[in-house]
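Just below is one structure, and these are the notes that go with it.
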Amino acid sequence: MVAAPTSPAELKLGVDCVIADINLADFGRKELDIAETEMPGLMALREKYGSEKPLKGARIAGSLHMTIQTAVLIETLVELGAEVRWASCNIFSTQDHAAAAIAAKGIPVFAVKGETLEEYWDYTHSILEWGDGGSPNMILDDGGDATGLVMLGSKAEQDITVLDNPGNEEETFLFASIKKKLAQDPTFYSRTKAQIQGVTEETTTGVARLYKMQKSGELPFPAINVNDSVTKSKFDNLYGCRESLVDSIKRATDVMVAGKQALVIGYGDVGKGSAQSLRGLGATVCIAEVDPICALQAAMEGYRVVRLEDVVEDMDIFVTATGNYQVIRNEHLVKMKDEAIVCNIGHFDNEIDVASLKEYEWENIKPQVDHITLPSGNRIILLAEGRLVNLGCATGHPSFVMSNSFTNQVLAQIELFTKGDEYAKEVYVLPKHLDEMVARLHLGRIGANLTELSKDQADYINVPVEGPYKPDHYRY
């Protein structure tokens, strides 16, 4: 591993790392030290597995938001024996001091807050390129971009026409990046794919991509769906968004949320947390949903369930949380009231039709906050250019809830790296006993004391005294 650079001038793509400023490393380290006190799951795994080094020999290509919390994850993986190369999975989500702290430890990282799309795909390629000419053997993904890059590149080796018709700006840069790499190394992607033993996926959108590949028979390696671990989806997605959404809106706009009319589009775990977040500060919250079960849940929680087109002229705040495409379209945007706030807390930037807004007048207020003048003369406030608002305009989810998610990630990486031969080329979830273990590791930090079953009680409900306590189909 190449020594960490000592000045920004030494930060060259493909050498060791690309970060904004190595001088931020001390600041990043101080925040890392605080975060570790709030991440008991990861610290427990270091203590449990640190001497065993179960990830020795693992070469992990990581594509996940380069935050302080992710830095604790990275250092945990390294302490357990892995070699790691890291890029952010979003152009706005990097915390530059976190990236600097990781670079200062000599760990290759390629992430800058506000990087261009061209740079984004260059950096994602960099995590697949080991200095000795080798390849990663594991992928840790968030949104599926690293996995998708390997897969699409492999297809393009066989048929370059798959890159002929990009459907949006992101694909334009992705396709160009793949073409550039193929010109340099025509078999790069297939060689990389052949070395991958498994992938662990963090988020709903990336998991959907994996299941799509499994259904079509194209999944070339086993995958673990970390997102659907209960201690991820019911905590990170729900409680994380409950805190981070309003944090990002307040930091970006300084508006008073109380008294505002807010529409949350999508009432899954992320939408539930987002709705609670806005209601908690006094907003009147409505929900838009396509799923009758989620819609009924929202109604039973006291939210008014509406259609976007029926309320678009009345809402002060719009939040998309669907993981879907073109949810808020131009036909909705042009009808919005003056100073309406529009943001997205789903993984990708295509929930809001930002491309259609490019024809209007934009005024940048500050990073990731734009005023856009509509044909009506009204101006809307677009946050993070329609990308993840909680990481574009704030610092994402708190350390404690991310410890839940990242403890699952480490366990999933250990599982696939050490037992990969036992898994078929399918998508799996972590077993219930590991889910419960993750929860146990976090109880003490918040002063929670667990009641214990007696042997007779356990026998009565037909579960082991030590768990697992619920069947796999149980809905928490």
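Note that Cβ sites are derived from N, Cα and C of the backbone, with glycine treated the same way.
Copied from Swiss-Prot, the annotated features are:
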{"type": "BINDING", "residues": "T67, D142, E202, K232, D236", "note": "substrate binding site"}
{"type": "BINDING", "residues": "203-205, N237, 266-271, E289, N324, 345-347, N390", "note": "NAD(+) binding site"}
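DSSP classifies T205 (NAD(+) binding site) as helix under the three-state reduction.
The Cβ of G268 has fewer other Cβ atoms within 10 Å than any other of the binding-site residues G266, G268. Taking the Cβ of T203 (NAD(+) binding site) as reference, residues of its chain lying under 8 Å away and at least six apart in sequence are, in sequence order, D142, G143, N227, H347. Taking the C-alpha positions, the distance from I345 (NAD(+) binding site) to D236 (substrate binding site) comes to 13 Å.
Annotation note: G266 (NAD(+) binding site) sits in a coil segment as assigned by DSSP. A count of other CB atoms within 10 A of each Cβ picks out T67 as the most crowded of the binding-site residues T67, T205. When Cα-Cα distances from D236 (substrate binding site) are compared across the binding-site residues T205, G266, G268, E289, the shortest belongs to G268. Take the binding-site residues D142, E202, D236, E289: by the count of other Cβ atoms within 10 Å of each Cβ, the lowest one is E289. Using a 10 Å Cβ-Cβ cutoff, I345 (NAD(+) binding site) registers 28 neighbours. Long-range Cβ contacts of V270 (NAD(+) binding site) within its own chain (separation 6+, distance under 8 Å): T204, N237, L238, C241, A321, I345, G346. Of the listed binding-site residues K232, H347, the Cβ environment within 10 Å is emptiest of other Cβ atoms at H347. Residues T67, D142, E202, K232, D236, recorded as binding substrate, reach a greatest CA to CA spacing of 17 Å.
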